[in-house]
Every structure is written in structure tokens, then in C-alpha cells.
């Protein structure tokens, strides 16, 4: 590996990102390529088909390794556990095709931006660039860094100064043309794939290829009816798949196409404004925002402000205010300057600009940041086009099981070869019969049968108003054992109700103003803050914005209006929002308040602020609102009441949503200076005004659903952006934290100059004050959780980040009992879900889609309660806006999983049953007849496979999950035991029939019916070596062995279908599946009828020989005994949960899931959980474990962390 990197053969693409790839350079050799083509022709395309399935084989055989710089073929490999390969051709872009001269001087940059990779990728004097296109993204070879670099975006290394001054005046026409050629068009084009191409992709699926081989073989042997039935079913399946793919392609194409043809206005350097089609935009262009527009690219706002609807990307329909990137002189990268809050300056592609507010310069301008598939919308579309593969053990086990069945078939193949060669049968017939036995073990109906269960489950979910865009995830829902819930809008109501305000005066809280009286807030600084500190906008005469802001504003009784020319003392025009008292407002000495500038709220900063002017006032005023703990940090300490923490806790423990407000006077000489003020300067030295108290009620469905999940032993976790105390109270009120359980708050702090990173454990106690309501406090006295009581960890996003950075080895131990995660940013939510997955939890995530898109996408089953377009990144969407959808989905997932296992076991047994019967007949060169196969394959197996999964989910969630592994001992024993039973019965009847006095090897058909069956042995005297003539049934089919084995095999198939159709506790009983029950009863009745009837035409058609009635009764008894034994073993032994738990306990078998191992370990640790103490990281500032890949709460790496490597050897603590 290291050698490959040193010689330039290997590099990494998108290093540290979710879509990280390893790239290898190869050079095509014509001789090797010619040999591959000749081999493909000689093998009739078989080798070419293998190359299609495994592109790396084609590269390894037709190319030789070489440095990437010289390669014409690139082999890419994902760095995840799947290690998938892709092959890409290197192509060149020639700048000489441009219509203006290009300098060939290596010292002269091609574009003005000295950070641009374009300057480092151009080969001079050839004037060409080497490129590859991977999943819609173009990469160019960087000769300086010796790796492929992404184009179509501005480099992150640009500073705020670079953005404003390098690109502030626009690009020249020449630079636009260069960037246009290199970066490609600014369009997100989803090709509507031709039907023939979709068909080819479906048909070339490995299983369909094997199926085609099998059906060709069967058709060549005259087995037409069943082959035609399978062909029809396969064609229907392929057509439906192609239709679905085509519809999705058309829908996605229509969704993105309209954004490719937007007319926009840009600024061209030295030429002024110019109109052009949006597909011609390039990174660095200056985009003019005239008003309402659908953004065709990602852009950084540099002048003015605007309000956008980001619902398409975030699922949040609340308008978001964007502010310009500050003009600073430092060289810090612009994203680092704005920390995780850089998104407040970025306008994302696909979002709608609904209002613009020009600055003093008169225009709202933005620099194009990313184009095409590099944009936020492009990334969303790519996530749909190239979804992350499912790492579900069921599918891996299914593949292994198929390989095992194929191996059994190979054994049968050589067995058939040996038998037929021993009897000197012609080679062609020998090969054909051997191939027939090979194909018998893998049922061709298997893929359709496994798919049909998900189709039924999908339809049942649709009736519950749960929509699914990823049906293969339904089975995964059956394994969910942990569900993360957002709080606001998910567990609690969307809307907030005003409860009251708690103003301050003279460093003390004053009397509460209650909104229950119906009176508006009395005039004062607190009222002024409530009227102005919000992100509300007036759109078409309607006030729109965040529900919290709306409720707060309604409580003041003031009205809003837009003023395009707002007068102020500075005498400058500006587009501003003006607030005036309404008829319900308290009496005020102020006629109006003008909002001049806004610093928007973000989940990372947990605050917002505005600069406003009161009518008649000579000064400007700053108002701030946000999380109380955050706002208090920016206030002068003498203005914050001494009992601030206690007062805040009094309300948060009751489940109230608490917002703090603050204010200061801003002295300025010129209004133009306001636009250049840094947020840090504005938000400092404020005076604390008071608290706004709002109620956030639980939804009525929350408590019953959480109780149902708890009884089913499914862990529930709250992941919210709200206050920690509020989250704890909601968790207790909803009984997410059961009555009697203890809560331990985990508070972690970053390392200081002399103090290492630390983590403090505080036990939250509960007491009953005199008022009768429960209060929550920090219990300092206790040093451990009381024995016998459960405990739950609660922490904030800040603490989670510190733990992730400095105490990563301890994080899994906390997560095993972590229940409340508050003040979590979107990136932290995604990271938390991933960390739970590393502990082998199957994680469900339920949220309203606002800040949960990443977590919904990361979870095994993301359930969005939002109907916005962003939910396309979530596998499931519920139109019912409460969490009742979660148990519905889990129930259907469990039922679908059990159905899949049942169908898989049945079809496996069906293959083995037929394999054993056919092998026995092969011993004497015989075979079942076509109609015998047809009845088993079509009337029984095919219909069973299509109806077994119709069974509905059981209405109550069981307190345990269904088996999730096909290779589990129970399932393997089930298949093995049933195989043994059917083998014993078939072999015994096969040998016993030979011992009957009336037995002979071959009979003349008509004579069998002329004799008295009860006296058959006395009346029939035929030569055992008689071979019949052309008018008789072929000797290879007509035999007593075949006539005996066929009903045994058929009854075995019916028995297996009944035994494996498991009902309670995950599905309704078998009799509730009316169609399936009727089918089994009909199949059993038909088989008995054929067994005992004496219709000559029927026997001739079925190719049977009549046998004595006593023998037929013996066959029925043998089949019934086999059914009883198999049913008893399956139901009383293999499916006996208590018995298996006892066996596991006696033999010391325990779950190998990481969370189970940790639970057992912690249960034996008397010092866990630590309470009322502080632990420090021993090796100073970096703690005992540092994850270097973790950069920020918004950019948490995916799948790059390894839990086991350092967890054991670096677990050192010091205690305070």
C-alpha cells in the first residue's frame, strides 16, 4: 500500500468525506485488451459478463499499473466495508478550443484566483487538463498535490477578504469561458434512462442470468408449463421494476429540470450587468438578486440581505434570513471565520428567495460558490441516484445461503454425472440430467418471493399514511431496538403558547406578567425586544416566520409593515421592517420601531440579535434573544440577577420553553458604519432584560406510544435542540424516563490553558415542594445511584462534542444509558446516530425534518413527519404528524422480516425436498414427470411464495425482536432437521416400495388397470427388463418409485409451507391469511384426491402407476407422521424462546453486540455510574483519546472512527 502511494499509483479522493474513494492508476495495453475480447468471444460472452459484474477484473486483465499522472484508466474503490469498485476513463479538456488566445507561460496564472486548482491542473504548453467524472462530479489532476481535485466550486481556503475583493467586481469574459470549459455547465441533469437500457441492467442481474440458464435447460427437456409460468412471473417482475425506475427517473428529471433554465443577471468585470441562462454560471460570478427567484446555484451573500425558504433542503418551511459575509482583513478561511454558522451567509441551490433587502449600496449581490452537482441540491439528488448500500446482515446471510445451496447443487451435479456415466448413458444426456439436478436446489421463484413480502408491507404502510421510497429497508425496521426522537414538533406540539414574562429591574426578577389575563405586555425594554427581535417577514400582507417568533410578536399586540424608505436620523434610505403599536397593544410613548439590521438565529449560536431604532430616538438599539444560558454570557454581570440559574430551573423543570432577552444602546455617527459592524462587537456588554416563558405541550399520542415501545423493550432517546432541563422534564412527563429512575447530568468542559478536559457527573434529584408539584435539583450529597434504581445520562451538545474529542473511549459507556441529548446541532444528531450504530444498535430516527435530515438519512430507518421535498432523503415519510407511525413501522418491519425468513426457509426446503426425491430417482435413471413437477411448482410452491407474506402484522409489539440472522442456530437447525426428516421418509418409502410383493421396475400401463389392485401381485406377471414400445410412457418417468415419492414430496412441501408460516407474536395467526389457508387446504385436498382416485386418464396424464389402497394409506400415514414430528420439533423446540434462553445461559452463550457486552461489563462495576465527581483527562489538553477527524458540530465525519482500537489501553482517570 505504502509503495503504491510513493510511486504515485494510488491516491485518495474526497479524503475524510463520506464519499471517500481510493483511486488507482492503470494504462491500457492493446495486446491484453485483444486477448480479453477473444476470450469473451470464445466463451460466448460469459467472460464479458463477468467483467460487467466485476469491473476491476477487466482493469486487472487488460491494463497494467502505472502512476496516476500517466494513467488512461482509473480504478476506484470505496473505503467503506463494502469495498465496491468502479472503472473510469481519463479524458482531456483542451483550452486551445477557446476562441481567445491563452498564455502558455507556466508562470502566468490562468485565472485570477490564486487558490484555484485550475492554475495547478493546466499542462503547459499543451494547454490541456486531465479529468475524470465520478458520480456526476468532475475532478482534474492537480500536478502540484499529485491527486485529483474537485472542480465546480470556490476553494475553501479563500478568506472573507478574497471573496469580497477577488470576486467582488465579477469575472472577466475570458475567465468565465475558461471556468465554463473546466467546471462544466451549471445544471443538475438527471437523464431519463431509455427503457432498453433499464431492461438490459435488470436482465444482466446475476440471478436472472442463472434463471435464464435454468429455464433454457428445462425448456430443452420439454418442461414447458412451469418454465412459461416462471418466465411470465419474471417478465412481470422485470417490467414492474423497469416501470418504477423509469417513473422515479422521470419524476427526478422534472424536479430538477426547471432549475436549469433560470434567467439570471450577473456582473461582468469592466462591462457591467449582463443577463444569461443559469446553466452558464461559473464559480466566482457575481449574481444579482432582484427579488423572488429560485436559486440555480450555491452562492455567498456579500451585499444586502434576503429571506429564503429552505424547505426543499431542510424540510423546514419557516423563512430563513441570510446576511452578508463580513468584510474582514484577516486571511482566515471564510468558513472558519464564521465557525459552524457559515450557512447564514450561503444561499443554497433550489431554495426560494422570497424577499430581498438591499444594503446602502443598492443591490443584493452574491458570489457563486458551487455549481451543478456540487451544490446542496446536487448533493441531495446524488444521494438519491447513488444511495448508500444497506449493510443488513439478512442480505449478506441470504447470499451465503444461496452459495451453500449452489454447493449442494454442485454435489448433486457430480453425483448425477457418476450415476449416468456408470450406466453408460450418452454424454449429452448425462450432462443435461446433471445440470437439471444442479439447478434444482436454487428455486427460480426466490427473488420474486422475497420482494413480494416487501410489496405487501409497503401497501399496508400506505394505508397507515406511511410512505416508503426504499422498500428494502422495511425488513430492517423489524430489527430496530433503539429510536431517537426529536422533541419539538415530534414529541411535543408544534405551536407554543405564551405563558408569561419575567422582567428584571435593578438586578432582580420582578413579578410575572401572565398572558392568561389576555392583556398585552406592558411597554418597556422587554416589550421593545419582543416586538423587534425576531426574523418575521411580511409577505403578501401576511406575517410569516418561526412559530416561536410569531407567538412572541402576537403577545405584544403590535403590527408589522414594510417600509421601502425608512427615515431615520441618519437620513439614508434603506429597506427595513417597521413595527407599530396595534389596537390591542399597551400604551406606548413610541410610535414605531424600525428594524435596520438582523443577525439571524442559528442552532449553533443559539441566539439572534437585531439593530433597531425607536421613532424619535437619536440612538440605535441592539436587542438579543436566545437560550438563557447563552444570552447571559453576553450580558454585563451586574445586570444578570443573582438567582438567574435558580429562576431558570424553576421554569425549565416544569417543561416550559424559556427564552431570555437582552438590550444595549448603540452609539454611531453614520448609518453606513452599521453594515460593517462585526457581530461580536454588536453582541457584547448587553443588559439582561428578563425571561419569556412559553408552554410546549406533549402531543396526546406521545405517552402511549413511548409506553408501548418501552414494553416492547425498545430503547427511546430524545435528541433535541432545546434546553437540557426542559428536555429532562419532557422526558419524565412523557415517561421516557420511567418513574423512580435517576438522571445523571454529564457536563464536559474543553481543556483550558492549565486545566485538562474534564467531565462532571451530577445526580438530579426530585423533591416535593410545599406547592405540591415536583421540583428537580442537583443532589450533591449522594456519591452513587441508589441500588436497584435505573439511571439515565443526560447531556448537552457541547458536552457531547467534548466527550467526542477528548473522552471518546468513554463515550460508548455513556451512550449505553444515554437518554437525553439537548442543544444538539444537526451535525451532532447525525454523529450520535452513527455512534449508536457502532454499538450494534439498529437505530430508528423520527423527526419533523427541520434539522434532522442528516440523522434521518444516517439511521437504519429514518421516519420524517415532514411532507417537504427534503423527506426524499428519508426512507419513510408519515403524513400523520405524530409518533404513532413508529410502532406501526416496527410492527410491519417485524412481520415483513418474519415473512422473508419463512419464505426463504420454505423455498430452501422446497429445493432440498425436490433435490432428495430427484436424486433417489436418478439412482435408477428415472425422473418425475412434467405434470408432477408442474403441480408441485406452480399450484403449490409458486402460489405459496406469493401468498405466504400476505399475513398482517400482529397488533401488539412483542418484548423481543424476531431473529435477524439467516445463519442463526435455530434457522440452520430448522433447515437441517426438516431436511433429515424428509430424507428419512423419502429414503424409507423408496426402499420399502421395492420390497412389496407387487413391485416390478416397469409396467405396461394398460395392464395395470386391467387387474384387481388388491390382488395385483398374483395377477400381474411381467418381465422386469421389459422396456415397452413407442406408445407407452417413457421408462425414465413411469415407475412405482416415482408414484410413491411424488405424494411424499408434495405433502412435504405443503407441510413446510404450514410449519414455516409463523404467526404470533409477530404476525397474525395463519388462519387470518385466508388466501394462504385456502390454498394449503386445496393443495392438500388435491394431493389426497390424486393419491386415492383411480381415474385412468388422470393417472396417464400424471404418469403414475396405480398401487394397492393399503400402500396409498401407508404413504399418507408416513407423510402425516413426518408432518407431526417436524411441527413438534419446529414449534416446541426450535421456536421455543424459553428453551433457547435456558440453553444459552447454561452454556454461557451471550450476545456479541457491543452494547450488550458493555451492559454486562457495567452491571458488574460497582463504581458505575460515577456521581457527583469530576474526572480529568490525564494527558493534558488532548485528553486520553483525540479523534482528529472531528472538525465541527456541523461536519462530523461518517464511518471513520474505530471504537475498539484504543478503548482498553487508554482508560485512565483522575478524580477530584
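For all residues, glycine too, the Cβ spot is worked out from N, Cα and C.
From 817, 1012, the position flagged in Swiss-Prot as N-linked glycosylation site is 817. For the ranges 159-179, 222-242, 243-263, 264-284, the feature annotated in Swiss-Prot as transmembrane segment maps to 222-242. Per Swiss-Prot, the residue annotated N-linked glycosylation site among 643, 650 is 650. Range annotated as transmembrane segment by Swiss-Prot, chosen from 971-991, 1013-1033, 1139-1159, 1160-1180: 971-991. Ranking the recorded positions 486, 848, 852 by Cα distance from residue 817 (N-linked glycosylation site) puts 486 first.
Taking every protein chain shown into account, 486, 848, 852 are the recorded positions, and of these the Cβ with the most other Cβ atoms within 10 Å belongs to 852. Within the chain carrying the transmembrane segment (933-950), a Cβ under 8 angstroms from the stretch's Cβ atoms is held by residues 223, 225-226, 229-230, 233, 443, 445, 448-449, 452-453, 456-457, 896, 899-900, 902-903, 906-907, 910, 914, 1049-1050, 1053-1054, 1057, 1060-1061, 1073, 1075-1076, 1079-1080, 1083, 1086, 1102, all 6 or more beyond its ends. Taking pairs at least six residues apart, the transmembrane segment (401-421) and the transmembrane segment (896-916) share three or more Cβ pairs below 8 Å and count as touching. Outside the transmembrane segment (33-53) by six or more residues, the chain places 61-62, 204, 206, 209 with a CB less than 8 A from a CB of the stretch.
Residues 207, 210-211, 213-215, 217-218, 221, 230, 233-234, 237, 398, 402, 405-406, 408-410, 412-417, 420, 425, 471, 896, 899-900, 903-904, 907, 910-912, 914-915, 918-919, 922, 927, 941-942, 945-946, 948-949 of the same chain sit 6 or more residues outside the transmembrane segment (433-453) yet have a Cβ under 8 Å from a Cβ within it. Contact between the transmembrane segment (896-916) and the transmembrane segment (198-218) is not supported, since fewer than 3 Cβ pairs fall under 8 Å when only residues 6 or more apart in sequence are counted. When the stretches 198-218, 222-242, 971-991, 1113-1133 are ranked by Cβ pairs under 8 Å to the transmembrane segment (1040-1060), first place goes to 1113-1133. Outside the transmembrane segment (1113-1133) by six or more residues, the chain places 974, 977-978, 981-982, 984-985, 988-989, 1044, 1047-1048, 1051-1052, 1055-1056, 1058-1060, 1088, 1091, 1139 with a CB less than 8 A from a CB of the stretch. Sequence-distant neighbours of the transmembrane segment (971-991) (same chain, 6+ residues past either end, Cβ-Cβ under 8 Å): 901, 905, 908-909, 912-913, 916-917, 920, 963, 965, 1041, 1044-1045, 1048-1049, 1052, 1056, 1059, 1115, 1118-1119, 1121-1122, 1125-1126, 1129-1130, 1134.
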